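According to Swiss-Prot, the protein carries these features:
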- 502, 508: Mg(2+) binding site (BINDING)
- 569-628: domain 'KH' (DOMAIN)
- 638-712: domain 'S1 motif' (DOMAIN)
């Protein structure tokens, strides 16, 4: 049955959802459209029961942008889409993080959601549309999913909030936030801002939630019209006698352990020991259950399931920690709710890096290094809505040894890409303008230890490494991860959460910013019922923690160093006439390559005539600048050049190219002090010679300008060459 519905979100943003036309063999499918941007979402969930030992939800979310959607050809030899781009991975994570907590607890069927961008108007990003389409596809399927989820992007121009701004509007917006939620609550948040206040952030979330409510109600209407029955699903529940036995045998030990401040590794070892002992006791206690009893009551088999016993112990551990925090305002490492772990900072410890910082907060440690490059080092970004050179990037690496484990070491994982992107967005807002600091900047954050909040350690370490490397940041940025424990109406907001507090808690809310406002945020919620008062509390508590961390960072380095690292390339910019660009580049790049070879400088020329020269030595920079300036200048009498002999006329003289495409004659009488019989006895074609321009005149017959050069005039003075027709310094 084909159904098509339309909703107007205001401000000219009309969204259409249809189902029943495309991908009908999937469990559910939906097409969402905004202007000429369209996404197709499909969902399929396995009907084969998962193995009894499975304790996780194998959800796979794939987001793919087809180049054909925008009438483009993919790059590369094969001319087809390859592995997911960074943009596609980040979009998939946005959708995954919002949908995952909404599936029923205990639903472990293998489920795959594929979002395909099938049309793009190149100005409306399809990522939030993909979230709506994915939720709609699940709603019209038979997969158990009680409440729809919707995603919107919120911008603000001149104080006015905008829902789903296009790329042109985002250029003028001071914030870019993606919000995912249900009719009742927000479950996902991610974005970047230009130092907005906590109150402004809250207003943006409320504005976005109003649009989300409309879209969720819209999806419910669509699902009601399709009216597809949901498949039967009942989560496995542990028998009451099993729960009671486990609580009686391990709750006291787990509580005593929770109230004992320990390092991560020691706590983990002692927790594993309690698990092992409790599992053994439980299996022994229920070993007397017979096959006949299980046949009469299949639930009793769960009492002999090591997997179910493990889950029950985990529930007790979670309950103990949460009650400790709510009842006693005490945390696993002994801190108060708002206390930040001890911080240590070391700068400049990597000698050859252009800047470096080792940032340690508790048992989380990030080593961040800075590399400065030229425009040629910028990353080329080609997406459906963007085609640019990216001159600032932050890469995040999370090796398995950082958590005391072994594991695969290879390509960058989705989590690493997501964490790096968040840290990059936080610092990007305070990076200097290209005109002020024309370098390409790469920060690499290697996590050496992790016990929570490693992405925020990357923000702090990245800021410190940038300042150590002499980048004139507008302001320093710090970051902090907030947690939440909520039971009914009782709740506690935690500052600078540990890994266990993230795992056993209800929220992971990362906030980065300067002293004056927020620059980036990311939030994931595992529960329903998060109200705005809790968000307001979390934002204010995050502000206090952020300022505390900034105080520690400022003690380590009050402001950016005055100069860049000694091994960083030095950039110098000069302006040349646009019509002289070809002269500097030369035929087939001959001239510019020549300058690079002789001076060691790397040269980039923009279309507006801006020439950027990068060289590690001041001498090379000076030589390159002088050569380029002379190349684009008009010939002047008395100026000395380094030229190349182009042609020899034995009885007349030598024609020397002293500027690109500009030849002059060195008369035979101007070659040497003594008389010479043949020019070829002294000069050879291709030879470089130092010449002085002694006369400029027009040929009365042809009207062409002729240049008279002299070698002899320099033999007495022995002056150094001021330039080089081939853009190379003089050599005697």
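Glycine residues also receive a Cβ, built from the backbone N, Cα and C atoms like all the rest.
In the displayed structure, how are the listed features positioned relative to their neighbours?
Other Cβ atoms within 10 Å of the Cβ of residue 508 (Mg(2+) binding site), summed over all protein chains shown, number 22.
Looking only at the domain 'KH' (569-628), the predicted model's pLDDT averages out at 88.
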Tell me which residues of the chain lie with their Cβ under 8 angstroms from that of residue 502 (Mg(2+) binding site), as long as they are six or more apart in sequence?
452, 481, 483, 508
Write out how many residues of the domain 'KH' (569-628) are helix, how many strand and how many coil, based on DSSP.
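Grouping H, G, I as helix and E, B as strand yields 32 helix, 16 strand, 12 coil.
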If you run through the domain 'S1 motif' (638-712) with DSSP, how many residues end up as helix, strand and coil?
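So the domain 'S1 motif' (638-712) is made up of 7 helix, 40 strand, 28 coil.
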